[in-house]
Amino acid sequence: MLVTAYLAIVVLLALCVGLELTARRLTPPQPTHSAVGTNPAFRRFQTLFLRGYLLALWADWLQGPYLYKLYRHYSFLESQIAILYVVGLASCVLFAPVAGWLPQVLGRRQTCLLFCIAYSACCLTKLSRDYFVLIAGRMLGGLSTSLLSTAFEAWYVHRHVNAHDFPKEWIPSTFTKAASWNHGLAVGAGLVANMLAEWLHLGPVAPFLLAVPCLGACGWVVLTDWGTEEKGGLERDKTSLLGPAASVPLARASARARFWRSCQECLRCLLSDRRVMLLGGVQALFESVLYIFVFLWTPVLDPHGPPLGIVFSCLMAASMAGSLLYRLATSTRYRLQPGHLLCFSMLLAFFSFFMLIFSTAPGQPRPRESLLAFLLLELASGLYFPAVSFLQGRVIPEEKRAGVLAWFRLPLHLLACLGLLALHGEVSGTGGGESGSGTRNMFGGCAVMMLAALLAVVSLFTLGRNDVDLRLEGPKGEGEI
């Protein structure tokens, strides 16, 4: 497995470089992107944002390769580790509304600083072997993950539109660039984590400790370079007839009222459009399976001695290859529809879990086949995310998109938690010992969920057979899905 992992990372990185060069050759620059590239003020602002945001992403990725390994290093059972993962997922659900509300009340920049503090504390809890301290760390991790997905974007969009008055059409260029860097950061994080934990023999806690100064650097950028920012909604209430002392609580109450009213409107939008409901079902099924995979890949491969950081980099490189394949497939040369690619990603994910059912048979493990299946699953996820993002942009109104996607995440995390609790129950039922059959059964359940997701995709495009919103424009994109 050692040689297999190193060979896989070399092949995958070469594949990504080849796909990137081909995609650049076949994808002509968009007029909007050309305007963005020639505006020095926007480029300075974009660089300022990315400097802080990419540090936050880098610190987040550093914690991926060795989380399960660290808990095993502390001699916890698989069932206990499953509960830790469930606490993290449940915290994401509980803190999601708070993460959407905090920037309006505390302020966007201050919320980004809160992320840096909370995530640093989460990393430092990994130094403890106490189970309840680690549970507290998982709760802090859930809060931090929720803030990472909301606070930084909220700060950027607010400053882009309100402070600098740049065109809204330029916003996607920044997050496209961030997504491109994100893949490279994920691959690099696996390599650095592997170097610290295995090459330098510092143990699985070392990547978490490295994340702390990275978060400190991110906080310094936010504190010093991002400048002061008005607190959400407070300036409008300074002239309140009730006086300055009453203006702050009134502003907070107003922010809460607006937030809950927005949640209700987004829920009505979700329930009133069957296309949105089907798309939400696809997202809940596919992404909940990915959360279960994040828990299971380490216990499946680790007993066979692969370098986990290198394996993590392989998985991230496979995901990068999938996103590059999507970019090629939807280019003006091939013009494949996102719906076709979404269906293909579901089939590929189903095939991956079907392989895993046989490669993880108790007493007859085949780790190389399991690694290949995991790589195919990550390739499928690389195709899935841009395809589903395109469709969400077409069927969900822009002003309600963030709220509707937040509602999508509720069943997503619920399904992932139920899956991990089911695995915990199977392992605990064997008397506290480890059981390969529980993992195999979980992969079988994931395969069934992928079939259900595929049926939801087929239903979506059967419902919108003549819906131009679900197709790319152009002469080669006018065929029915």
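Please read every residue number as a count from 1 along the shown chain.
Note that Cβ sites are derived from N, Cα and C of the backbone, with glycine treated the same way.
The signal peptide annotation in TrEMBL covers 1-18.
Per TrEMBL, the feature transmembrane segment maps to 82-102 (among others).
What TrEMBL lists as transmembrane segment is 139-157 (among others). Using a Cβ-Cβ cut-off under 8 Å and counting only residues 6 or more beyond its ends in the same chain, the transmembrane segment (139-157) has close neighbours at 49, 52-53, 56-57, 60, 87-92, 94-96, 98-100, 102-103, 108-109, 111-112, 114-115, 118-119, 121-122, 125, 171, 174-175, 226, 229.
The transmembrane segment annotation in TrEMBL covers 205-223 (among others).
Marked as transmembrane segment by TrEMBL: 276-297 (among others). Outside the transmembrane segment (276-297) by six or more residues, the chain places 64, 68, 81-82, 85, 89, 269-270, 311, 315, 342, 345-346, 349, 353, 374, 377, 381, 384, 388, 391-392, 395-396, 404, 407-408, 411-416, 419-420, 423, 439, 442-443, 446, 449-450, 452-453, 456-457, 459-460, 463 with a CB less than 8 A from a CB of the stretch.
What TrEMBL records for 309-329 (among others) is transmembrane segment. Residues 5-6, 8-9, 12-13, 15-16, 19-20, 22-23, 26-27, 61, 64-66, 179, 183-184, 186-195, 197-198, 207, 297, 301, 336, 341, 345, 371, 374-376, 378-387 of the same chain sit 6 or more residues outside the transmembrane segment (309-329) yet have a Cβ under 8 Å from a Cβ within it.
The transmembrane segment annotation in TrEMBL covers 341-359 (among others).
Taken from TrEMBL, the feature transmembrane segment covers 371-391 (among others). Below 8 angstroms of C-beta separation, residues 1, 4-5, 8, 12, 279, 282-283, 286, 290, 293, 297, 300-301, 306, 311, 314-316, 318-327, 338-339, 341-342, 344-346, 348-349, 351-353, 355-356, 359, 460, 470 of the same chain, each at least six residues beyond the ends of the transmembrane segment (371-391), sit close to that stretch.
As annotated by TrEMBL, transmembrane segment applies to 403-422 (among others).
Annotated transmembrane segment per TrEMBL: 442-463 (among others), in sequence order.
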Note to self: Please determine whether the transmembrane segment (442-463) and the transmembrane segment (341-359) are in contact (criterion: at least three Cβ-Cβ distances under 8 Å, sequence separation 6 or more).
What the structure shows: yes
Check: Counting Cβ pairs under 8 Å to the transmembrane segment (82-102), which of 205-223, 341-359, 403-422 comes out on top?
Finding: 403-422
Next item on the list: Please indicate, using numbers and ranges, the residues of the same chain that are 6 or more beyond the transmembrane segment (403-422) and have a C-beta under 8 Å from a C-beta there.
Entry: 82, 85-86, 89-90, 92-93, 96-97, 100, 262-263, 265-267, 269-270, 276, 280-281, 283-285, 287-289, 291-292, 295, 392, 396, 442, 445-446, 449
